[in-house]
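> Dumping what Swiss-Prot says about this protein:
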TRANSMEM  15-37  transmembrane segment
TRANSMEM  345-362  transmembrane segment
TRANSMEM  367-389  transmembrane segment
TRANSMEM  396-418  transmembrane segment
TRANSMEM  438-460  transmembrane segment
TRANSMEM  472-494  transmembrane segment
TRANSMEM  535-557  transmembrane segment
TRANSMEM  867-889  transmembrane segment
TRANSMEM  909-931  transmembrane segment
TRANSMEM  968-990  transmembrane segment
TRANSMEM  1000-1022  transmembrane segment
Amino acid sequence: MQVLPPGSTGGPSRLFILRPVATTLLMAAILLAGIIGYRFLPVAALPEVDYPTIQVVTLYPGASPDVMTSSVTAPLERQFGQMSGLKQMSSQSSGGASVVTLQFQLTLPLDVAEQEVQAAINAATNLLPSDLPNPPIYSKVNPADPPIMTLAVTSNAMPMTQVEDMVETRVAQKISQVSGVGLVTLAGGQRPAVRVKLNAQAIAALGLTSETVRTAITGANVNSAKGSLDGPERAVTLSANDQMQSADEYRKLIIAYQNGAPVRLGDVATVEQGAENSWLGAWANQAPAIVMNVQRQPGANIIATADSIRQMLPQLTESLPKSVKVTVLSDRTTNIRASVRDTQFELMLAIALVVMIIYLFLRNIPATIIPGVAVPLSLIGTFAVMVFLDFSINNLTLMALTIATGFVVDDAIVVIENISRYIEKGEKPLAAALKGAGEIGFTIISLTFSLIAVLIPLLFMGDIVGRLFREFAVTLAVAILISAVVSLTLTPMMCARMLSRQSLRKQNRFSRACERMFDRVIASYGRGLAKVLNHPWLTLSVAFATLLLSVMLWITIPKGFFPVQDNGIIQGTLQAPQSSSYASMAQRQRQVAERILQDPAVQSLTTFVGVDGANPTLNSARLQINLKPLDARDDRVQQVISRLQTAVATIPGVALYLQPTQDLTIDTQVSRTQYQFTLQATTLDALSHWVPKLQNALQSLPQLSEVSSDWQDRGLAAWVNVDRDSASRLGISMADVDNALYNAFGQRLISTIYTQANQYRVVLEHNTASTPGLAALETIRLTSRDGGTVPLSAIARIEQRFAPLSINHLDQFPVTTFSFNVPEGYSLGDAVQAILDTEKTLALPADITTQFQGSTLAFQAALGSTVWLIVAAVVAMYIVLGVLYESFIHPITILSTLPTAGVGALLALIIAGSELDIIAIIGIILLIGIVKKNAIMMIDFALAAEREQGMSPRDAIFQACLLRFRPILMTTLAALLGALPLMLSTGVGAELRRPLGIAMVGGLLVSQVLTLFTTPVIYLLFDRLSLYVKSRFPRHKEEA
């Protein structure tokens, strides 16, 4: 039993050093809790930070954008605008479709938002057109969020109408029921229907009109209640053959009599089984397909949702015929899992590098084992807290743990180094542990709480960026806190049991060589420090120059928002002239698809043409390009995009816009490019005046590329100008005119066929094959007051005009969205400033407002708060250090080291060609916490030497620098090597991790060199300042 000296109190570590069994069991409990917690943690790409978003889609086939806006979108918007918690409301009204996207405040639960939306739809129902085929349908999904999974269903033996029917009833409904799925859309529009194509000449010859035919069909196909007979003993349900199920039955339907002879529908029309909408189509690798896109609910875990779908697929596909093939074209979780695996590997590599550094400095296996146990214990214990906080294993939390390897080992290194020093002086291990741990306890507490103080401002960041980094900050803070506990409990206890003077002095050739090298380095540092202390003003000039340089670099460095990730999926928009038809777009997409599929990096391609909830106009097509895995292709996604755009550029009449999908989706609408800027006015006329001017100005800016807008007002429209007096004289109303046109050209859904499994529509239209274009209007006939038929041309004049293809609103006012990318050599910050300058140059009137949207708006907000965030971190750290040291001066000395970290980080980012984005800023904030640790270790020992040994300030700080040089070098290298795997990351998701590593490695390299010399000089400067203040104000001395 070792005899303890009277002064060996051990501080807070004493109990744990003297009770090794209890300490071991306590640490085992932390380890076990962490292992169990890890098993329950979900896996995700990023923390769940989605805005509660709901999309409301209303389809009204045949309606123009004007009609959709006034009769459908506007009534809905008026009701939605009264909902509490609504952050933003945008809408898009195009031919036959109205899409309203509602984004709510982050604090509003999605289920509450859903209830409000349903109530608003109910309130608007009476204001909507009475002949809407279906009421508005809402989905808990962000339309800008790319599908988590895309499946293609093809068949070489069955028509697409049958394939869609089976997919809709047997597959899509089941997938929709999976927890986390927000919306399952079937692109391709091949819903089965009975199509009735009227022969205009035939019905005109018989004196009939399309309205006569429509009335006959709707009256012949009904499905309503008929009652029952209730007798004394038996009840009989009434039924009838009131339903027609097939095209053959409709063909035989009698619609009128001529001279006593029946006129059947087949006599005046082509009746066939077809698709409900013939202007919709989807292709998978150029083959006709039903493309199933699965989108998650905002906030749902993408990995868990995708796993549930994968488990269901084999069972669902078994119910389909053998000729129907289901192919998973894309699964976003594949890249997410790969990214998480790469980050986990980098975490393990960081731990290995840190342990290697410890061994290199200590050159003792028992001394290396101690921090080697402390590091994984601190990290694993963090998982237990993460479970209780509902966190996930994602790129940001794993990055926090990777960075934490350099942080958590610092405490253990400081404790071990201090205890080892006493053992080498001849102290018994137990006494050395008590003395060393007691002496260093306050330093550990100072380091821990000052470092956590740096993270506090991250917890109070607003909006989506704050939510995004909350898990990062809390995970890192928990790891640091557990590390402090381990370092004050387990580490000194293990030192007391595992270290001895003999083991520490046991050396081999490698140990002796390392020792000689360290001795020479420390001696050189001592000589250099002595010279620096003799020339303090030169050193202070260097420190001041560093501060100025950091400010200058901050102003000039390119700034961005969030790194552009290579997730292996590209979303695209194909744009054609505004007058393009469905047939021409289908032909164009075939040409484009052929070029894209020839690229060696492309694995699969899906394309979609037609108007629905996702695609606003006929002259645009949607594409999803799935790339081969990163290790199977030579180029990153940006190089592939450039190559594809070059390949398609030679196809006449098309413009291809591509952008890589991202894990972080802030936008609420699908855009052609990565960034958006809106121009809003009170009227469409005001927009039509300013949109071309602003677009031309933006297209001339070198800071922007691929500038486009969704303003399309050159679509061709046939204006039917009815002579109301003539129509009234003939007994023809405007409703008769609208009905006749709708019957002929609106793919009008006039009746419903009910079956046990699904409902199908009867579609009425004119067969325009022999009378294309405006000539088809000459075939329209209307019924006059006397029962005769009148050609439309007798009461109307047809004019061809230009009309908008879609009308967009933002918060109920007309808006145009400009989309743009940032070319190579420029940053998002450059682009934003160029747009703002252009806006000032144009001198827009007061009733025209502009605003950045999505990630560009978030960038503006983040950029505005970044400086305050760093200031808040410094202030928080000053307050904590001031409380711990009971001094106003010493915290300033410690914080004087911070500019060196900023200079190193910013220079490293510039050299690496990386932008100063949110990830890099987080790295700089963490550097503030790391770099000040060097100063804390120096100043703590200097103050102790002055207080306990009576040394002069100069001798005290000089000795403290030499004594603390080795642990400072160890902890800095440990932190640097913890960040090194992130900086050198090349796998999936490396774009997200690399800026953090670059900033930290650069900052640590520069600050390590400078702070070792500037800190002692600044310490002596403030010491003299403190003496001067006391001499001028003796009252301070008396109070002290």
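Indices start at 1 and increase along the chain as displayed.
The backbone N, Cα and C atoms fix where each Cβ goes, and this holds for glycine too.
Can you tell me where each of these features sits in the structure?
If you look at the transmembrane segment (15-37), the same-chain residues 6 or more away from its ends with a CB under 8 A from one of its CBs are 377, 379-387, 430, 433-434, 437, 482, 486, 488-490, 492-493, 496-497.
Long-range Cβ contacts of the transmembrane segment (345-362) within its own chain (Cβ-Cβ under 8 Å, at least 6 residues beyond either end) map to 368, 371-372, 375-376, 379, 398, 401-402, 405-406, 409, 413, 416, 420, 514, 518, 966, 969-970, 973-974, 977-982, 985, 987, 993.
Taking Cβ pairs closer than 8 Å, the transmembrane segment (367-389) reaches residues 27, 30-31, 33-38, 40-41, 347, 351, 354-355, 358-359, 397, 401, 404-405, 408-409, 411-413, 416, 420, 471, 474-475, 478-479, 482-483, 486-487, 490-491, 494-495, 498-499, 503-504 in its own chain, all 6 or more past its ends.
For the transmembrane segment (438-460), the list of distant contacts is 8-14, 407, 410-411, 414-415, 418, 466, 469-470, 472-474, 476-477, 480-481, 483-484, 487-488, 869, 872-873, 876-877, 879-881, 884-885, 894, 922, 925-926, 928-930, 932-933, 936-937, 940, 944: same-chain residues at least six beyond its ends, Cβ to Cβ under 8 Å.
Residues of the same chain lying 6 or more positions beyond the ends of the transmembrane segment (472-494) and with a Cβ under 8 Å from any Cβ of it are 10-13, 16-17, 20, 23-24, 26-27, 30, 47, 369-371, 373-374, 377-379, 381-382, 385-386, 389, 391, 396-397, 399-401, 403-404, 407-412, 414-416, 419, 433-434, 436-437, 441, 444-445, 447-448, 451-452, 455, 458-459, 922, 926.
Only residues 6 or more beyond the boundaries of the transmembrane segment (909-931), in the same chain, are considered here, and those with a CB under 8 A from a CB of the stretch are 403, 406-407, 450-451, 453-455, 457-458, 465, 468-469, 472, 476, 553-554, 557-563, 827-829, 862, 866, 869-870, 873-874, 877, 897-898, 900-902, 972, 975, 979, 992-1000, 1002-1004, 1007, 1011.
Long-range Cβ contacts of the transmembrane segment (968-990) within its own chain (Cβ-Cβ under 8 Å, at least 6 residues beyond either end) map to 45, 335, 338-340, 342-343, 345-347, 349-350, 353-354, 356-358, 361, 395, 399, 402-407, 409-410, 413-414, 417, 565-568, 630, 923, 930, 933-934, 937-938, 996-998, 1000-1001, 1004-1005, 1008, 1012.
Beyond its flanks by at least six residues, the transmembrane segment (1000-1022) meets 403, 525, 528-529, 532-533, 536, 539-540, 542-543, 546, 889-890, 892-894, 896-897, 900-909, 911, 923-924, 926-927, 930-931, 934-935, 938-939, 942, 953-954, 957-958, 961, 965, 968-969, 972, 975-976, 979-980, 982-983 of its own chain at Cβ-Cβ distances under 8 Å.
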